[in-house]
Amino acid sequence: MHYVSISFTHKNTDIGVREKLSFSDNNRRREILRLIGANDSIAESMALSTCNRVEIFAYVLDTQSSIRHILNSISILTLVPFEALELRADIYEDQGAIHHLFAVASSLDSLVVGETQIAGQLKEAFKFAYDNEDCGVNISSAMHFAFKCAAEVRALTTISKNPVSVSSVAVAKAKEIYGNIGGMSAVVIGAGEMSRLAAQHLINAEVNVIIINRDEIKAQTLAKELGELASYASFDKLSEYINRYRLIFSATGAPNAIITNEIIEQKDFHRYFFDIAVPRDIDIEEDEYIHVYAVDDLEEIVRTNLALREEQASIAYSIVGKSTTSFFKWRLSEGSTPAIKALRLKAKDIACKEIEKAVKKGYLKCSDQDEASKLVHQVFKAFLHTPSVRLKEKNSDDILKALEYLFDIKIQKDENLEGNLK
């Protein structure tokens, strides 16, 4: 069995295609996992979808046929041609897939290295797949190690100190444009995590924030959480507010643009629209007074961020590498379990037969049979303890073959485990 990861990110796929690939809607995510799971070669799968990436992580029997099936499933659901997906996708297998997963969880593969949102998004994607029975023990164990790795990266590096997200980069861009934005007012559309982060960064810069959301109760709740610099307005005020204020940040989960040319009025002051949603919320024409920044337009600030964090990222990648090795060593030790079980079953079988013979021949009283069984089993348990420990330390093919030959047992094993440590 093999781990595979198919990745579409800001590195290999433009925002227009990423919009089509988005699985952030639960119904859509459920459907892609259903299509993927229809292939008998794919035992487990999960789908991660954020503004900067779409990832499918799977545990499969045959890598090549599974990868083709996954790409074909995405093509069927999104109508993006198979060839276009195949051309763009970064594909990782086995050790590469686990290393990539750990790097993603540790925010080393993010548009903004060190941003803290990705861990929560990954946990949510895993929980969704687990609750819907699309993944089991093999992806669960990988995710457990991934979150452990991410925690170690946060603890041993400064890469996530002063947390940075796409939302904070958008606010940083506004500061770059205006200098001091304290005292200004900004409209934030949406009440989800990205909107909340944008609003919080604006308030930290002493900007008055107006929250607009289709669900007015959510807008009201968020405004209350943010404090006295935050207020809210009903969604039917959207057109009025985006034509009144200079700073507009939008991060809704809408499937189509909510700000279009039809609701834009001509004004004689500069307005800056920050579209931090995927799919995009804003589809308007720019002119001398209207400026639009989408997720991909923020890469210049992100590159600066990368340069500042390069040394810490190097340390973090070292942790990811060690965690990847530790994961496969753990998998290998778990792979020794069938051998240990086979030895103990063999010992138990022999003990039971010999005790029965002893009873039949009169060497052992029938009333003492249970106590004798317990004693013999304890002896075998003690005898097999050291071999069991040694097997977990080095579960090599030669040792397993020798055990099969010497004790006449059959050991079921995963041929792929040891190869990942070479």
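For all residues, glycine too, the Cβ spot is worked out from N, Cα and C.
Some features that Swiss-Prot has for this protein:
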- C51: active site, nucleophile (ACT_SITE)
- T50, C51, N52, R53, S110, E115, T116, Q117, Q121: substrate binding site (BINDING)
- G190, A191, G192, E193, M194, S195: NADP(+) binding site (BINDING)
- H100: site 'Important for activity' (SITE)
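Using Cα positions, the member of the binding-site residues G190, A191, G192, E193, S195 nearest to T116 (substrate binding site) is identified as E193. Summary: among the binding-site residues (T50, T116, S195), the fewest other C-beta atoms within 10 A of the C-beta are counted at T116. Within 8 Å of the centroid of the Cβ atoms of G190, A191, G192, E193, M194, S195, where the record puts NADP(+), the same chain has further Cβ atoms from R196, L197, A198, A251, T252.
When the binding-site residues S110, Q121 are scored by other C-beta atoms within 10 Å, S110 scores highest. Of all Cβ atoms in the protein chains displayed, 15 besides its own lie within 10 Å of the Cβ of G192 (NADP(+) binding site). Closest by Cα distance to S110 (substrate binding site), from the recorded positions C51, A191, G192, E193, M194, is C51. Comparing S195 (NADP(+) binding site) with T50 (substrate binding site), their Cα atoms are 14 Å apart once rounded. On a Cα basis, M194 (NADP(+) binding site) lies 10 Å away from T50 (substrate binding site). Listed recorded positions: C51, G190, E193, M194. The one with the lowest count of other Cβ atoms within 10 Å of its Cβ is E193. Other Cβ atoms within 10 Å of the Cβ of N52 (substrate binding site), summed over all protein chains shown, number 24. Scoring each of the recorded positions (H100, A191) by how many neighbouring Cβ atoms lie within 10 Å, the top position goes to A191.
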